[in-house]
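Q: One structure coming up, written as structure tokens, with questions to follow.
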């Protein structure tokens, strides 16, 4: 094409064939090197041939995701392709064409001619010649030098040196020309009398080269050493459409060649053999090749010329579009490894059986309906047959095969196998299998049968070492004889009520997983095992742990969310190797006695959400190796002990949602303490932590701390100080000594009243967990919220966060679906290989809008129930798997798409289009009186917590901030150590109002009989489990009020305190509490007053006292949340 023409058109768009019927648009076209571009105007009738004619090029090439190139046919309309592409991007789960989706489509089409769109979708004029970030150096180096050949005196000559491929050509002034083959020579630096020189020598001769520009020496040395030392060429991810010349000329004698993830093709049938070299077929010229990786290119047929490479040992042709294998493949006699996975094969030639040296053949993720007959004649160790259409295995008899991978096939309901030598069998994700009988496979060691419909599993135990049968319908397991060699048994997510008793007799069992069943007990002798190291039996119905009287080797015991009421006596003494114990969400009131006299290795202790009191504190402080303690949601009145300071390794302490009135001063003496959580207690002050050098997070929100008078000395490395929902305003001037540190500390102080948005109160909680990176971020701009989950990539989430914040500020009323797509388009180069889950929520006065793609989920509270409205895609179901396969993707053993990606719905991952799409879910919810709120969070919240748990937490706590924090506490109490982020929106109920009466109104306008029913109607208490006692004249000073628990109603609070009896007067006051018949679980509180005209002053004083005392007894935060209109 004409470069001058391209440069001239880049300044102003040109018009190419005015539209006839359809609307014209601008297209951006790139030069073949990708360095320049121009815009043209065209319509759907404009063809590639017409564009080529105008720009004097032979072809238009399309690139998606800055990855594969595709040459377009001459009669193709580029604009039509672009519109179809954008239409796919704007698709929603509903696939409905609405006015909003049309607007989103129009918006993204208007963005397509932006240079930033290059990373997603681009057209090139001619055949692309992109210079990628290459390890294959194609630069030609040329320098004026002085050279000396050999060791003779006075032989220095002026010359010009040219370095290209693996050669250095020396051109002297007398027109002598000599080429040096670098790969056959040793390269180093030599200190000569004339200066530093590049020395090249072999067995016969030595060359010294001194550069006139001395600083050039290092560049030439590096380049020469790269050429010299390796016969391995890595040209992967180079955006190659042709193989570079320096590879094909075989000067390097390349043995290992990596051409993965390019756009290489075989020579088209119409291409003449005299055409330029560079096709896959031309690799036969490189006779030295032993290993070739051509995976993830655009090969349509098996390159038959490769069968001429007599030294070839390994050939990888996976993730191409090959539909047949030629019989000539039998010529590759030395071939040991052949990977043909993720192609379009349905048969293999019988001649493959002649490859007697073949050790590995991978034909997974093709279209085989039966096992190719040639496999029965090969001496392979493993059959890799995952992702095909195989229904059964017909062939029986003795065979050498030992391992078979049959994942994601269509195997029949009853599975049997008669190949006796099998040692490893993988049947995962065959959704029709209900029965597996393999008692005849006496050599079977490892079996994977997860995610089937298994109701019956029978195995031989003679050689069995590992059994994985999670996510099935099993209530029993038959293994005969006793599996003496069994090491791992995983049976989670089944229907077991009791585990087999023979488990206790397995002498080598080290790992047992049986969570998410219906277990009522563990095997009686399970703790007598001397080999068992880990037991995971959480989310069951276990009521007790069997007694055991001798020490064992157990290191991990996870039993959260069961029905335990106690632990065995001497539990900690006879488990000396226990390092992690989780008994959260049980009914335990007291930990068993432990005096510290015996050695205890326990490092992680999680006892959240039980009935523990301060009586268990002496037990805990005797465990000197503890690093994490979680005692949240218990009944602790204090956490103090004289030995508390001996927990020198403690890093994380959670005391939230207890009854604490103070924190022990000795907590500041713990040298390793990093995180302290004590929210939702009754604390009135924060102790001195100035000397805690490691402490970076303190959460004392939702307490009774008076922030206006708080004298807080901040530790030097404090980053987060959360004082939300306390009284007063926190003033950092109270600790001026730490002024230099304040710029690093994030003080969080959000009053609930300030977080009011169209009748919703807002609660937010987030944590990095045990990770150093924050990969989940949240954005709020006015009435719009954004959630970004970058998976394991913190840079991606922060990049999207910055863009979304700035974009929302400029386009606050833009449709949230269009915003989501703009985030997709703005990822740029990072979006080619990386992606993120994004959810956007917009709150209106009368409706809620939610748009989401990825793993974020949301549930709405309506009529005392929580219902999922957007469910993030955690697992790949059958329908989604079919779509992925149609898009030429595959799924690995861990259900990761193309071996990397966790979800097929994300923004980003441009290079995997159309396997991964930004397809979104959209909900438009009309607000009414039945809707109570919304919970939004990342996927692990919904994976680990049940909808019932979340519903209970939401409806048993009136503060959305407390709800968010308790959800986070519960998540961490279940051993989740990753990032979490939670948003809670809660509808505000009408304020409780006490209508008192001024003197004038009492005397002149209102009578008590009229006022009393009015008070009854307006005062509604939204705390269902709280019952106020009757008022008595002189009650004692009350003890701390217990925190409200979601498991059982809290005991009633003590009587309202009063320091002196009320004055005797003609006014009488009575507080009556009666259950409301109109509100579910609510109570109506009425204050009945009888006034006389002579007691105005005393009645006002009495009213003020009653108001303050009632607010304090109700634990309202801040105390003046209840308003009194006097």
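Any Cβ shown, glycine's included, is placed from N, Cα and C.
Pulled these from Swiss-Prot:
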- 56-79: repeat 'LRR 1' (REPEAT)
- 251-276: repeat 'LRR 4' (REPEAT)
- 286-309: repeat 'LRR 5' (REPEAT)
- 310-332: repeat 'LRR 6' (REPEAT)
- 356-378: repeat 'LRR 8' (REPEAT)
- 419-445: repeat 'LRR 10' (REPEAT)
- 483-506: repeat 'LRR 12' (REPEAT)
- 531-551: repeat 'LRR 14' (REPEAT)
- 623-646: repeat 'LRR 17' (REPEAT)
- 648-672: repeat 'LRR 18' (REPEAT)
- 674-692: repeat 'LRR 19' (REPEAT)
- 716-743: repeat 'LRR 21' (REPEAT)
- 761-987: domain 'PPM-type phosphatase' (DOMAIN)
- 1038-1077: region 'Disordered' (REGION)
- 1049-1064: compositional bias 'Pro residues' (COMPBIAS)
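Distances, neighbours, how buried they are, the whole picture for these features please.
A: Using a Cβ-Cβ cut-off under 8 Å and counting only residues 6 or more beyond its ends in the same chain, the repeat 'LRR 1' (56-79) has close neighbours at 1-2, 5, 25, 27, 29, 32, 42-49, 85, 118-128, 239, 241, 261, 263, 298, 829, 832, 909-913.
Across the range of the repeat 'LRR 5' (286-309), the DSSP-based residue counts are 5 helix, 3 strand, 16 coil.
In the repeat 'LRR 6' (310-332), the DSSP tally of helix, strand and coil residues is 5 helix, 3 strand, 15 coil.
Regional average pLDDT for the repeat 'LRR 8' (356-378) in the model is 94.
Beyond the repeat 'LRR 10' (419-445), the same-chain residues lying 6 or more positions past its ends with a Cβ under 8 Å from any Cβ of the stretch are 382, 386, 393, 396-413, 451-460, 462-466, 473, 478, 480, 485, 878, 881, 893.
Outside the repeat 'LRR 14' (531-551) by six or more residues, the chain places 492, 506-525, 557-569, 571, 574-576, 582, 974 with a CB less than 8 A from a CB of the stretch.
If one looks beyond the repeat 'LRR 18' (648-672) by at least 6 residues along the same chain, the residues whose Cβ comes under 8 Å of a Cβ in the stretch are 603, 608, 624-641, 678-694, 699, 965-966, 969, 972, 1040-1043.
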Q: For the repeat 'LRR 5' (286-309), find every same-chain residue at least 6 residues outside the stretch whose CB is under 8 Å from a CB in it, and list them.
A: 68-70, 231, 236, 247-248, 250, 253-266, 280, 315-326, 328-329, 331-332, 339
Q: As a quick check of your reading of DSSP, tell me how many residues in the repeat 'LRR 18' (648-672) are helical, how many are strand and how many are coil.
A: 5 helix, 3 strand, 17 coil
